[in-house]
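Swiss-Prot annotations:
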{"type": "ACT_SITE", "residues": "Glu582", "note": "active site"}
{"type": "BINDING", "residues": "His581, His585, His588", "note": "Zn(2+) binding site"}
{"type": "TRANSIT", "residues": "1-39", "note": "transit peptide"}
Amino acid sequence: MRVTSSRLLQGGSLVSRVLKRRLNNASRTKKGWFSTRTLADSNEHLRRVFDDQAYFDNFTKSGAPEGAMNSLFGGNGVGLFRNRALISPQGLVDFSEESLERAKMLVSNMMAEVKTSEQGRLEYIKKLDQLSDVLCRVIDVAEFIRVSHPSQKWVDAAQRTHEIMFEYMNQLNTNVELYESLRDLLIDPAITTKLSKEEIEVGEYLRQDFERSGIHMDPNTRNNFVAITQEISLLGSHFNNDIHSLESYWCNISRSEFDKISDTVVKSEIYGYQSSSPASQNKDSGNIYIPLAGHIPYTILSKCEVESVRRKVWISLHNSPKEQIDTLNAFVKYRALLAKMLGYKSFAHYQLEHKMAKNPENVLTLLRNLQQGLISKEYGVCEEVKKLHSFKNGDDAVMTDEEILEDVKPWDREYLLAQLQSQTLKDEEPLEDISEYFSVGTIVSGLSKLFYSIYNVNLIPEATLKGETWDSNQVRKLNVFDVTSNKKLGYLYLDFWSPKVLPSHFTIVCSRKLNTDIGSESRDEMREMVQLDENEQHQLPVISLVCNLSKPQGTGVGRFTGMDSRKPTLLSLDQVDTIFHEMGHAMHSMIGKTDLHNLSGTRCVTDFVELPSVLMESFSKDPRVLCKIAKHYRTKEPLSKETLAKHQSHRVLLEESETFMQSKMAMLDQVLHNEDIINCGIKDFDSTAVYHHLESQLKVFADKWSTWHGKFPHLFSYGAVYYSYLLDRAIAEKIWHGLFKDDPWSREAGQKYKDSILKWGGTRDPWVCLADALGDERLGKGDSKAMEIIGQKV
């Protein structure tokens with residue numbers, strides 16, 4: 001899942017020469033050290049860096065430059081991600097203010113030069129892109145810190161930084177002079193014939209964003225636009241911050257309902273909470289209060305035979321606070337107002353204008369066709385729900401499919417699924433614990449093997465310096481190294497044990513060629529803020545992958561004493577999929593290297609950006625990949641295909657229903673941003689009524705009671721484009737069958753995929769990329785026929 005926040009139009013002292021030499025020497029030492037090892041040794045080293053805490057600690061100590069490093073920074077270290085300014089929360093705020101001044105100075109110089117010389121016009125797009133990078137360098141790292149950093153002081157500083165930068169970025173969105181200068185040079189053949197294709201692509205992208213930001217409006221309306229956009233951003237931050245909040249953290253049931261629960265262990269646990277529950281405060285002896293934190297509510301949903309108890313717990317667990325729904329209603333209404341101001345039928349029309357899908361009508365057609373296929377297909381949704389229903393009423397022969405879909409409620413799902421799984425297990429031998437073949441290090445090492453095979457790219461661990469990460473005990477740094485060119489592609493910072501964040505991919509720095517040749521920035525200046533390539537001509541992309549995996553067993557000995565190396569973090573098949581998925585985003589960022597940052601890596605259209613990550617899930621599900629990668633963490637025995645097949649068969653019990661549920665979420669995203677909000681009156685909009693009405697129509701596990709939609713983060717981050725996952729899944733299926741089906745380790749297929757899709761970032765029409773990858777010219781038009789082809793089952 002991509003988390004970004006800051007495209008330009010959406011969104012000091014120098015390090016000593018001595019330090020520079022030491023950093024370069026350290027890099028050369030590590031690179032040479034790696035090259036002396038065999039590939040097998042290097043993969044084992046990579047595995048141990050993640051799986052063995054003591055080994056990692058020694059590696060970090062032995063890999064760091066001399067101790068004089070810290071004294072050069074007054075003991076504070078090199079700063080987060082090697083950005084000198086980010087040594088403290090106040091440093092982040094100072095960096096934002098310095099960057100703001102740097103941006104204003106750049107704008108002033110650009111505007112003076114574009115009006116007075118041809119050279120100023122020729123350099124204008126490069127400098128506009130540089131301006132974007134100056135701002136993104138602040139807002140992207142601030143967003144990462146706000147969401148992921150363990151220190152509240154850093155989080156507070158990130159929030160202040162976001163507010164400082166976002167207002168200025170929105171002012172740039174509606175800067176008429178910036179826009180007119182760009183518009184005029186893009187229609188001047190004397191200039192465009194001397195620009196690179198990438199410069200023109202970025203220029204057109206920025207022009208579109210200007211125009212979509214209401215540049216044609218009168219000054220008062222433009223000012224309102226900026227104010228509303230900023231308010232939407234702040235509402236979105238509040239929405240995401242409260243995504244896990246509940247309306248209440250207790251669910252009360254009657255004592256008679258409690259008595260019907262047969263699980264004595266759960267009853268005992270619930271009873272133990274009563275002294276701290278609302279019952280003790282209200283002296284409510286007639287009810288029992290179930291805590292909604294911890295494992296108890298989930299145990300009830302999967303094991304409790306009392307439907308009324310499951311119903312109450314499920315609704316309570318899915319209810320959002322009223323304030324959260326108010327926040328959702330507010331930003332959806334503001335979005336509708338913005339779309340109306342810009343002359344669009346709806347926010348969805350506004351969002352999709354330049355996406356692959358083109359318009360909401362195409363999206364709804366895609367979703368309806370998908371849902372119809374899932375309902376009607378053999379072994380589809382109806383068959384899956386029928387299997388569940390047989391454990392509810394015993395015999396469903398007298399009921400129609402529609403009646404069965406209506407009868408199986410959302411609070412029945414986990415309970416009936418547990419019954420189905422239990423019955424399935426009775427018919428089979430006990431399954432071996434497959435997670436013992438999937439340590440974190442084994443999977444990362446396996447990914448390096450895969451990337452070397454298909455891309456000729458290695459993942460090489462690098463020791464971090466003091467202050468470079470937010471948790472030196474658990475964050476690992478990888479150099480993504482291209483063997484073909486013998487160059488670094490960029491850096492990954494991986495934190496698999498974050499207590500705060502769902503699996504996420506954060507862009508910290510984008511690829512960009514420095515503008516040293518035109519004199520608008522210097523290497524000395526940039527060296528303090530970013531990590532540069534070997535020739536110091538490009539800033540290297542920096543990506544952070546953060547997951548919330550459980551720490552290895554035996555870690556309770558203290559934060560600074562290290563984790564028990566005897567048993568590493570072991571992964572389920574779902575968690576393996578997640579890491580493959582997020583690494584798909586990361587490799588897109590690394591391979592999609594461009595000279596201009598606005599369209600580098602994952603900065604492509606939103607309904608294309610999930611393709612690389614979704615495609616990686618095809619690799620993670622293929623036994624030819626997993627069985628070559630997986631090894632038992634103790635015995636080093638490989639995983640057998642038979643064992644994997646047995647476990648995978650249990651994962652597909654509700655596979656079609658899962659896809660249907662995702663299509664419901666995508667449909668909700670569309671109807672909350674459609675033209676009805678404008679036509680029926682923005683003032684009277686009620687997202688809960690819309691949600692319940694849609695659920696009633698779509699039927700499968702229909703939720704007509706809770707306010708779960710307040711827990712759906714993509715309603716803000718992916719507003720009107722959540723369908724992207726489903727579209728990109730269809731595209732990924734085509735790519736897999738067209739390139740990798742015969743051999744998922746194929747270098748030829750990997751090279752074709754790199755050359756046709758990954759390397760372009762967002763600088764090429766995605767439909768043209770697909771036409772190239774699949775050898776089908778019809779796709780290059782990107783019309784309704786192309787959408788139809790992609791929607792066809794392979």
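The backbone N, Cα and C atoms fix where each Cβ goes, glycine too.
His588 (Zn(2+) binding site) and Glu582 (active site) have their C-alpha atoms 10 Å apart, to the nearest angstrom.
Comparing the binding-site residues His581, His585, His588 by how many other C-beta atoms lie within 10 angstroms of each C-beta, the top residue is His588. For Glu582 (active site), the number of other Cβ atoms no farther than 10 Å from its own Cβ, over all displayed protein chains, is 22.
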